[in-house]
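Database features, via TrEMBL:
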TRANSMEM  62-83  transmembrane segment
TRANSMEM  89-110  transmembrane segment
TRANSMEM  117-135  transmembrane segment
TRANSMEM  155-176  transmembrane segment
TRANSMEM  188-207  transmembrane segment
TRANSMEM  227-248  transmembrane segment
TRANSMEM  255-273  transmembrane segment
TRANSMEM  279-297  transmembrane segment
């Protein structure tokens with residue numbers, strides 16, 4: 001996108017920002033229509049019914065979609081303004097504030113509960129995304145290098161545009177996520193609604209904005225070249241993909257994906273001569289990857305019982321050893337009675353139905369102490385648990401002691 005803003009066309013003029021935004025929205029609208037037609041097997045009647053009952057079924061829903069649609073148009077125009085007034089590195093560094101802005105807005109609007117470890121991962125992600133782009137940009141350090149055609153730039157305008165874009169990005173994404181997940185309208189129907197609003201608002205911007213007079217004199221597609229068309233296509237495809245991410249994931253995970261794309265973008269910029277890879281880039285990349293791991297770790301292990309099950313699966317090869325230990329515990333306890341009926345070889349599926357133990361000797365007391373320590377480890381905040389506790393539903397006490405004894 002930045003290269004398209006600094007490389008002029010054959011007539012030595014840049015294209016209009018608002019025209020590029022409108023063209024991108026029209027292309028996204030066309031793609032959504034084609035996909036809806038394809039999902040209906042190119043049946044015109046079914047296509048019409050889908051538009052009638054899925055896309056334009058509720059006036060309230062259509063009006064609500066206008067909110068993120070307007071915000072996205074504003075955001076796109078702000079980004080073009082920022083790119084026209086800031087270097088690539090400064091733009092990307094400042095724009096990473098949208099990560100924290102999105103998280104805060106998600107907590108406020110969607111009532112998301114983020115643990116301290118996830119807030120830490122988001123902070124690391126922001127720092128890492130900033131570091132990967134603080135390398136020395138050849139365009140910003142060499143005034144006469146190729147691609148430094150900016151002569152009259154306004155840094156304050158560029159920074160202000162980026163900060164507003166951060167807020168509008170987070171607000172539009174969270175609002176759209178709520179709409180996508182709370183309604184039955186298909187993702188392509190929502191994309192079509194968004195693109196329709198984007199086209200309308202974009203045309204209004206073309207007619208009423210400061211570029212309106214120039215557009216009427218020079219033409220809508222003035223300054224367009226193959227590179228500009230490539231950027232427009234990428235913007236349209238990106239808009240469609242974003243809606244899918246918000247439907248099946250959330251805004252915060254989208255931020256992690258964006259950060260990985262930043263690393264790839266920096267590598268490409270280095271290849272094109274607009275970025276110098278430094279130690280900061282390496283450290284920032286490590287922080288981004290590490291933050292993704294930290295954020296996903298809690299998602300992978302949402303509670304201790306799942307962690308325990310995973311440990312059993314990973315130790316599946318040693319299940320025979322566990323059962324042997326279990327039997328030894330039974331034989332070593334003269335006062336204990338065990339029932340193995342209903343137990344099959346799949347660890348974690350069926351467990352002994354009746355386990356009654358009476359501890360009358362030192363060895364049994366030691367086993368009980370191990371079991372108590374085991375429960376404290378699994379549930380540190382639930383010290384006092386009865387015989388019908390969650391952990392006992394997952395694994396019987398005898399098998400828990402066997403696991404401890406076997407070193408799992």
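Note: Cβ is positioned from N, Cα and C throughout, glycine not excepted.
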If one takes Cβ-Cβ under 8 Å and requires six or more residues beyond its ends, the residues near the transmembrane segment (117-135) are 88-89, 92-93, 96-97, 99-100, 103, 252, 255-256, 259, 262-263, 266, 275-278, 280-281, 283-288, 290-292, 294-295, 297-298
Given 62-83, 188-207, 255-273, 279-297, the one sharing the most C-beta pairs under 8 Å with the transmembrane segment (89-110) is 255-273
Sequence-distant residues near the transmembrane segment (227-248) by C-beta distance (under 8 Å, 6 or more away from its ends) are 1, 3-4, 7, 9, 15, 20, 23-25, 27-28, 31-32, 72, 76, 173, 176-177, 180-181, 187, 190-191, 194-195, 254, 257
If one takes Cβ-Cβ under 8 Å and requires six or more residues beyond its ends, the residues near the transmembrane segment (62-83) are 1-2, 5, 17-18, 20-21, 24-25, 56, 91, 94-95, 157-159, 161-162, 164-165, 168-169, 171-173, 175-176, 179, 190, 193-194, 196-198, 201-202, 205, 235, 239
